């Protein structure tokens with residue numbers, strides 16, 4: 001399975017050299033990214049009408065990053081060339097039989113003269129050849145050091161993600177630090193959290209086909225993969241792109257600044273010893289990272305013998321992931337207590353959840369209908385949402401579908417379901433930037449509510465006498481205190497954190513040491529949500545809108 005068409009963006013070496021010169025010429029600030037104004041100046045030389053240029057930008061910037069890297073620039077130039085020769089420009093052209101590799105560069109009126117004038121000036125640095133912003137991450141990494149956080153200029157923001165980093169450091173992070181949001185809800189964000197590739201997490205009871213599912217998508221096994229009928233995967237494995245095939249231990253992964261897993265250190269060495277990263281070169285992993293999880297156990301005793309907080313780890317990954325696949329087996333439809341807790345920990349991420357009924361070719365059509373009904377019944381008691389979750393039925397493995405059980409109708413159904421699921425996965429990189437904005441806004445709202453709760457608890461404490469007794473009373477009646485905060489500030493009840501978890505963390509703190517309400521700080525976050533983020537999206541939208 002390919003996330004993007006291989007043809008678009010590939011070209012001969014001669015054409016690549018031409019495009020490289022054009023890219024360097026049009027990239028006025030030499031940061032390896034062509035943004036709105038640069039694009040308008042350069043693309044105008046093609047003499048194409050504005051609606052066609054708008055469509056070309058939309059297709060080239062398919063991930064909606066707000067800029068074109070070198071690879072996206074090549075795609076744009078190839079589309080310009082096609083438009084000049086009379087082709088209709090649409091998304092379908094990428095999957096058509098057009099020979100992208102041998103498309104001649106487009107005609108750009110007056111470009112040769114302008115480039116000749118610029119020849120005497122020093123050449124700008126080489127752009128990142130693969131189109132990803134990896135070369136630019138070092139430019140923004142130093143923003144996260146406390147000394148430089150106040151000095152980030154607006155001109156240094158060259159993408160939507162850069163803009164989110166700047167807003168986080170200058171406006172949201174001070175609120176999180178003041179009210180200890182990182183201790184109660186989620187660790188502070190780092191540079192790598194913003195630059196990470198989209199992630200897909202697979203959850204399910206043992207032997208429901210999680211590892212086989214990843215193997216099926218990659219069309220090869222990954223380092224450290226174990227497949228069998230018994231509980232084989234005994235650890236959390238992140239499968240991501242890398243220069244060679246290797247497994248990296250969890251403690252090493254957690255301290256690497258270029259990986260978004262530093263927040264996992266809060267779960268301790270017991271968890272990190274059950275966590276590893278598998279790297280391998282693969283075109284699919286250039287766009288998506290997979291998280292393979294241990295099979296959820298069915299017995300309460302096995303759960304209590306885990307040395308780490310399995311539900312907490314799952315919840316941490318859920319907040320980082322773009323898609324969560326719950327895998328079920330027709331022979332394992334019971335939702336165990338631990339699985340129920342795991343699904344409950346996904347609260348707030350309902351839009352990411354997809355249910356997969358795997359190994360469906362192991363039962364005949366009549367049994368499959370009954371199994372599907374039983375699965376819906378089981379999930380209805382666990383997923384406390386009125387909306388229906390999308391359920392995919394199929395057999396996601398390299399083995400041919402067992403037609404003896406399902407018949408030709410079953411085969412056709414499974415193939416259509418597989419196509420739908422693959423289409424969902426293909427959409428992930430395209431929606432990654434939108435998802436990042438969505439998660440950022442969600443985090444900002446959670447931080448605001450957290451600040452209201454903490455400042456309210458501080459306000460309820462006595463000035464001098466009886467502090468210990470007052471603190472215990474507040475902790476015991478925490479649900480009532482949440483209700484007071486909700487009514488006082490007119491907040492939605494569903495946005496409040498889990499009471500039991502909050503109580504557990506709160507019991508280790510002295511409420512009297514907490515900060516009072518700082519209206520100015522909260523107003524800054526409100527302004528960020530109301531004005532700064534819409535302005536950021538406006539600045540990096542399609543320049544031809």
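Each residue, glycine too, has its Cβ placed from N, Cα and C.
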Task: According to Swiss-Prot, which candidate in 61, 99 joins 67, 72 at the Ca(2+) 2 site - done: 61
Task: Range annotated as region 'G1 motif' in Swiss-Prot, from 180-187, 188-195, 196-203, 204-211 - done: 204-211
Open item on the list: Need the matching range: Swiss-Prot marks region 'G4 motif' on one of 358-361, 362-365, 366-369, and I'd like to know which.
Closed with: 358-361
- [ ] Name the residue range among 467-490, 491-514, 515-538 that Swiss-Prot annotates as coiled coil.
- [x] 467-490
- [ ] Let me know the model's mean pLDDT on the coiled coil (467-490).
- [x] 88
Open item on the list: Helix, strand or coil for residue 67 (Ca(2+) 2 binding site)? Use DSSP.
Closed with: coil
- [ ] Give the residue counts of the domain 'EF-hand 1' (14-49) per reduced DSSP state, in the order helix, strand, coil.
- [x] 24 helix, 1 strand, 11 coil
- [ ] Determine which residues of the chain contact the coiled coil (467-490) at the Cβ level, with the cut-off under 8 Å and only residues 6 or more beyond its ends counted.
- [x] 449, 452-453, 456-457, 460-461, 496, 499, 502-503, 506-507, 510-512
- [ ] For residue 67 (Ca(2+) 2 binding site), just count the other CB atoms lying within 10 A of its CB, please.
- [x] 25
